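Student: When I checked TrEMBL for this same protein, it listed these features:
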- 58-62, 126-132, D155, A258, G327, H379, D446: (6S)-NADPHX binding site (BINDING)
- N59, D122, S158: K(+) binding site (BINDING)
- K416, G417, H418, R419, S420, G445: AMP binding site (BINDING)
- 9-212: domain 'YjeF N-terminal' (DOMAIN)
- 223-502: domain 'YjeF C-terminal' (DOMAIN)
Amino acid sequence: MYIAGRAEMQLLDQHTMREIGLPGVVLMENAGAAVIKEVMKDFPDKKTKIAVLAGSGNNGGDGFVIARRLYDFGYDVMLICCVEEEAIRGDARVHYNVYKNRRLPTEEVKDVQLENAEVIIDALLGTGLTGEVREPFYSLIKKINSANKYVYAVDIPSGVNSNNGEVLNTAVKADKTVTFVLPKKGFYLQQGPQYVGEVICTDISVPPHIVEELQLELPRLLDVKMADAALPKRPAHGHKGMFGHVLVIGGCRQYVGAPVYTAKAAFHTGAGLVTLAVPESIYPIVAPQSSECLFIPLQDKDGALSAADISQVVDFSAFQTVVLGPGLGRQTDGTSLIRHVLDELTDQTFVIDADGLYFAGHLLAELKTYKGNVIFTPHPGEMARLAGLSVKEVEENRLEVAKQFAGAHGIYLLLKGHRSIITTPSGEQWINPFGNDALGKGGSGDVLTGLIASFVSQGAEVKDALLAACYHHAHAAEQLGTKWSTYGVLPLDIIDYVRKTL
């Protein structure tokens, strides 16, 4: 499913009205009907007291439809028109006039009382908001959030920026958002996920094929079906040589566990062989924790890897996927290390993670000329360093920053965060809507890197490996967080869950 922002939704609506000939008032009627369907499913008792708060724009027009039709279905409904009558224009004015001409019940905004309502429907601001919420909407939203009632948001919670999820001063905290045509980008970015609740995407007669017809470059929403299809296929007669060999280069005296997590994740999710290349000084610590792996102890200096002998010690032709970075630390000469590895690689997939990214920023031109696929997996801080931006700038423009960087440098980019973004060099993007704070622990990213490397080594296309890895990593966190709690889930628990459920 595609995900749209404000401008893209306007294009889809305009095309439907101008080229197909479906009037805006009909789209508005359909939108209202879609919300009512959810309300009636959730609250079948017609005695339910429902307050509909409507603004002046198209979102308010949806609210007028909702209030009228709920009244016709026999619900105890009160419409609270939150703007002056003369401010209501266009299609919204048509539906306001219909409501008014029928002399249906309304309440002045100055008299609004939400204590008696059981359900509140937010049709105040919609997707058009770009700045702070102003009065009277600011006070109304505060009342909605403090009322402790079940809240539906119409299309998007008022106060949430539909493009980037930003909430500047306040926003409606919805239990359920009934959105139209396509989910909005803001549902999955910045603070947006904290406000939308359950998202229901509904049809209002805008044909979905218009996205392709208008050649809109929209990100997609990662789903279970997509993730399952992305998993590498394993023939029943397969042997270890058919399932790839992963090399993990990393580790230092301070970060012994990181490369172990990556290696275990790769091995326990299907890689045929996994080799750990670690500083020789930590090899005696790492080896007992990873007895299933092969090992290459490398020359080190003060507990950190040295680039000096890697070309002589490692036969890179033996590997399908090379990972560099987990636990690497910054004491090493990482720039030289990456250069040495690049000199030895031919077309293997090269995954750079963690502190490897700290050094990779100096080698973007060289990485761009590499014949194989390159994958970066930065968190927002690492992305900011790579792109020469502040973390705030990255978080405010996650989709745009990821797309620009991946395209400019010819890499596959997994921008981690509460809702991770996968971007290909050609500009295709997916948002992962799964995951929770159980992943907010050291080592979680190392596990994700291992999953990616595993799936690539087994023959998955890079984008498919990223999709499958992101989903299963996040899904495991959700399931374990529900079973236990998000406090206690550890990286090894994620590995154990994924290997049992693939």
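From the backbone N, Cα and C atoms, a Cβ is placed for every residue, glycine too.
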Student: Validating a neighbour-count step here. Other CB atoms within 10 A of the CB of N58 ((6S)-NADPHX binding site): how many?
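Tutor: If we count other Cβ atoms within 10 Å of N58 ((6S)-NADPHX binding site), we arrive at 23.
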Student: What does DSSP say about D155 ((6S)-NADPHX binding site): helix, strand or coil?
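Tutor: Going by the DSSP assignment, D155 ((6S)-NADPHX binding site) belongs to neither helix nor strand, so it counts as coil.
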Student: Around the AMP site recorded as K416, G417, H418, R419, S420, G445, what other same-chain residues have a C-beta within 8 angstroms of the site's C-beta center?
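Tutor: Other same-chain residues near the AMP site: H379, L415, I421, N432, G435, L439.
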Student: With DSSP assignments reduced to helix, strand and coil, which class does D122 (K(+) binding site) get?
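Tutor: SS state of D122 (K(+) binding site) = strand.
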Student: I want to check the contact list for G445 (AMP binding site): same chain, sequence separation of six or more, C-beta distance under 8 angstroms. What comes out?
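Tutor: Set apart from G445 (AMP binding site) by at least 6 residues yet with Cβ under 8 Å, we have D353, A354, T377, H379, K416.
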Student: Which of the three DSSP states, helix, strand or coil, fits K416 (AMP binding site)?
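Tutor: DSSP call for K416 (AMP binding site): coil, neither helix nor strand.
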Student: For D155 ((6S)-NADPHX binding site), find which of the binding-site residues N59, D122, R419, S420 come within 10 Å, Cα to Cα.
Tutor: N59, D122
Student: Which whole-number mean pLDDT does the model give the domain 'YjeF N-terminal' (9-212)?
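Tutor: Residues in the domain 'YjeF N-terminal' (9-212) carry a mean pLDDT of 96 in this prediction.
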Student: Check each residue in the chain of H418 (AMP binding site) that is at least six apart in sequence and keep those whose C-beta is under 8 Å from its C-beta; list them in sequence order.
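Tutor: For H418 (AMP binding site), the qualifying residues are P193, G435.
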Student: Just how many other Cβ atoms lie inside 10 Å of the Cβ on G417 (AMP binding site)?
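Tutor: Cβ-Cβ neighbours of G417 (AMP binding site) within 10 Å number 19.
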Student: Between T127 ((6S)-NADPHX binding site) and S420 (AMP binding site), what C-alpha distance do you get in Å?
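Tutor: T127 ((6S)-NADPHX binding site) and S420 (AMP binding site) have their Cα atoms 23 Å apart.
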